[in-house]
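The following features are taken from Swiss-Prot:
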BINDING   Ser22, Arg23, Ser24, Thr72, Asn97, Asp112, Tyr228  shikimate binding site
ACT_SITE  Lys76  active site, proton acceptor
BINDING   Gly137, Ala138, Gly139, Gly140, Ala141, Asn161, Arg162, Thr163, Val164, Glu165, Arg166, Ile226, Gly249  NADP(+) binding site
Amino acid sequence: MADSRETLTINAFVVGYPIKHSRSPIIHSYWLKKFGIAGSYTAVEVSPDDFPKFIATLKEGKPGAAVGGNATIPHKEAAYRLADHPDALAEELGAANTIWMEEGKLHATNTDGYGFVSNLDERHPGWDKTQRAVVFGAGGASRAVIQSLRDRDVAEIHVVNRTVERARELADRFGPRVFSHPQAALQEVMHGAGLFVNTTSLGMNGTEAPHLDFSHLAANAVVTDIVYVPLKTPILNMAQEQGIATVDGLGMLLHQAKPGFRRWFGRIPEVDETLRSLIIADMEKH
């Protein structure tokens, strides 16, 4: 007998402004097809002014309405604020990227940190044996990274930023194992670190990045970048040229999608090489 989840059309979405760049529909459509689920996952462009109305309509729960979806830039903070039940992860970050209706209430979580560490687990197993990590950048994208590293019990998380005040705010937010430094201290801070994470936009869409010397990192260190366009960012290229292991940022996008799919469609999807190749092919077209 068919699973009852598969006899009804289940609808989910990704909402952002703009949204045409989103590759989330490719990811979820791949999984829907793989499981043979009668469902849809569509990109919806909604301006910040119209977002509260969008959420209010979702909460009405009319027949055929979406069961939930992803919120991306610039709606993550608003998705958290408008949720009836944000979980502890979203609460601490002040942002949600995954929302769903349950018993008439809107629930919210943030899966960015899960995506980040799952990518490292897949592409560089054992990375979390390090006791010292360097997070380069203190913007919004760094929060989930810092949270996930702390929750994986990395002993020291050093946040380096051009304006040290931003880094200090994150150290205050995420606790005593997080330390703040100005960009001038980067080389010194890297000494003995087993993980270097770029959370800045340096190298995004082919822009140049300043030269970084990774020679002070630990012998078995890994450098990763949450930027995935281009796949091999200037920072990853620099690390490879210096003989350092690297992990690109694409897996973070793929893995962060898994909890939402499970929540909306009731199946646990896998990130495989076919899916990865689909996204890379789409990146090469645009």
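Positions of Cβ are set from backbone N, Cα and C atoms, glycine also.
Feature map: annotations from Swiss-Prot on the structure.
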residue : record                 : Cβ contacts under 8 Å, 6 or more apart
Arg23   : shikimate binding site : Leu253, Ile279, Asp282, Met283
Ser24   : shikimate binding site : Val14, Tyr41, Ala43, Asn70, Thr72, Ala257
Asp112  : shikimate binding site : Asn97, Ala141, Ala144, Val145, Ser148, Met252, Gln256
Gly137  : NADP(+) binding site   : Val159, Val160, Asn161, Asn198, Thr199, Thr200
Gly139  : NADP(+) binding site   : Arg166, Thr199, Thr200
Arg162  : NADP(+) binding site   : Pro182, Gln183
Val164  : NADP(+) binding site   : Ser180, His181, Pro182
Tyr228  : shikimate binding site : Asp248, Gly249, Leu250, Met252, Leu253, Met283
Rounded Cα separation (Å) that holds between Ser22 (shikimate binding site) and Lys76 (active site, proton acceptor): 15
Spatial neighbours, same chain, of Lys76 (active site, proton acceptor) - Cβ under 8 Å, 6+ residues apart: Ala95, Ala96, Asn97, Asn110, Gly140
Gly249 (NADP(+) binding site) CB neighbourhood, other CB atoms within 10 A: 22
Cβ-based isolation winner (fewest other Cβ atoms within 10 Å) among the binding-site residues Ser22, Thr72, Asn97, Ala141, Arg166: Arg166
Remaining residues near the recorded shikimate site, that is with C-beta within 8 Å of the centroid of the site residues Ser22, Arg23, Ser24, Thr72, Asn97, Asp112, Tyr228: Val14, Asn70, Leu253, Gln256, Ala257
Three-state secondary structure, Arg23 (shikimate binding site) (per DSSP): coil
